[in-house]
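Enquirer: Sending over a structure as structure tokens; questions will come in a sec.
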């Protein structure tokens, strides 16, 4: 399995979703799968922390690390008078931002930092990265002497969210978005940032670490890397030598092996330490541009420049097997650039699988995973550890994850029903909560319970369950026995007010449902409902002790026939014959259809009490609390 690294200036983290092929699924996981990348480095996210959303952070199968601007858009540094004198000059803060996404199944960093200089602090800490112990930081921070080349201090250089560093066992990955050259108002900041970046890369290499530098550097190396080199030289009155020797190009070319450096090298930059991977695999290729100006629609004519790079340290050159641009993928004024690391590489004269080198020790062995991915091992900079997203799950996982329910009922619940009422209430609360959040277990067979108990119209509320008291006649040694249909005393037929007792009631004709007894009137004899209520309480207690509530409500009947739970039982004088008739009579579909049609049909206008004429419906238009309400009124 190879490791593919992709860098892309997206010009706004949501901007690609306005283009094909991203607009169809509109998800970052689908975007990364289309890119076929294992590490995605995004620049110019154009968001702040308050703009982070679930779909950006909680990407299934991916970790993410952000470096975001510390100021609002359009706010400039107060310490620089040049930024305040002309509000139209300079680059607005909030239009930068870098994000790195890593595929959990392929790689996992052991450390993560933001900022080039190390002046920032880790999340939840007041100690800067620069002052952390050696085993807790990435290292290679620019020294005071190296930072003294720029008039901009370290904290200011890292305040715009332009750099994220991830350390893997094999190398350090640096994702960067360098300031652009717009006018002279930002030259100090731009050169200060590039000097600090150059120092950080060289210091890491000097410490023996391998480095991959990727991102939008906003630098065109040579004339071959831009379509308008001649126009730029003519515009600014430069020669070929002066064009290559501008401060930013000279700095980059001194960093790269094979860079065009005219004259002597600068102090501290005597030796090149990085390779331009994409150019190395495409030597002499013209028109290999990664950025096009949108204002002039320069992309169709390929009138652009190459300012996005993937660079690697000298000892990693042979690790890569391919690198190129993806100019056919739309979504930004830049195109993605990728580089692929081989699945097996030679390290200290030994062939090692790349998965063993981009994951913590002991997770992979010879390309085979030994340990599962764990959130506990991700660095503190991970966006998933931000308080707003910590311990959150994707909504899809909430429905696909299997609940863990106890297989055996609690043995202590029956013993503490009367001796420890508070404990019973806590247990009932947990059971009720579990029944709402987890998948319901297999329900008990309550077919033998009296219909008034086993089939209520709605489950009892938790407050009623917790607040109900046991009947006084119960004793700890007495166990309630469920009533069954085969009991010696048959249950009398229920009266018309109880509602339908089965699904057949939906299709009974109105005459059959309302009929019964002599002249359709049933002589009612009542009996005490206390045994029935006691049986219902016992059944509910037995149900909630070992599992969630298993009382399932039956389909509700029309409002006119809705049953009332726990009503007193009634019987008719000739209930046996009438019950037999109801079971054997066939339903009248026409009558059932008419009854339901009346229920859902449009309401007929009422008649005026004085004139006995149909009223008309009007709507209140006068402003006030009654505005928009409809009412009936006499047409006269």
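Even glycines carry a Cβ here, placed using N, Cα and C.
Copied straight from TrEMBL:
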type: BINDING; residues: 9, 44, 216, 218, 333, 334; note: Mg(2+) binding site
type: ACT_SITE; residues: 216; note: active site, proton donor/acceptor
type: ACT_SITE; residues: 334; note: active site, proton acceptor
type: REGION; residues: 398-592; note: region 'Disordered'
type: COMPBIAS; residues: 431-447; note: compositional bias 'Polar residues'
type: COMPBIAS; residues: 449-462; note: compositional bias 'Low complexity'
type: COMPBIAS; residues: 486-503; note: compositional bias 'Polar residues'
type: COMPBIAS; residues: 531-541; note: compositional bias 'Basic and acidic residues'
type: COMPBIAS; residues: 560-570; note: compositional bias 'Basic residues'
Enquirer: Let me check the 10 A CB neighbour count of residue 333 (Mg(2+) binding site). How many other CB atoms are there?
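Expert: I count 19 other Cβ atoms within 10 Å of it.
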Enquirer: Return the single residue from the binding-site residues list (9, 218) that has the minimum number of other CB atoms within 10 Å.
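Expert: Least crowded of the binding-site residues 9, 218, by Cβ count within 10 Å, is 218.
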Enquirer: List the other residues in this chain whose Cβ sits within 8 Å of the Cβ centroid of the Mg(2+) site residues 9, 44, 216, 218, 333, 334, in sequence order.
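Expert: Neighbours within 8 Å of the Cβ centroid, excluding 9, 44, 216, 218, 333, 334: 11, 43, 177, 290, 291, 307, 308, 332.
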Enquirer: Tell me which of the binding-site residues 44, 216 sits in the most Cβ-dense spot, judged by other Cβ atoms within 10 Å.
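Expert: Answer by Cβ density within 10 Å: 216.
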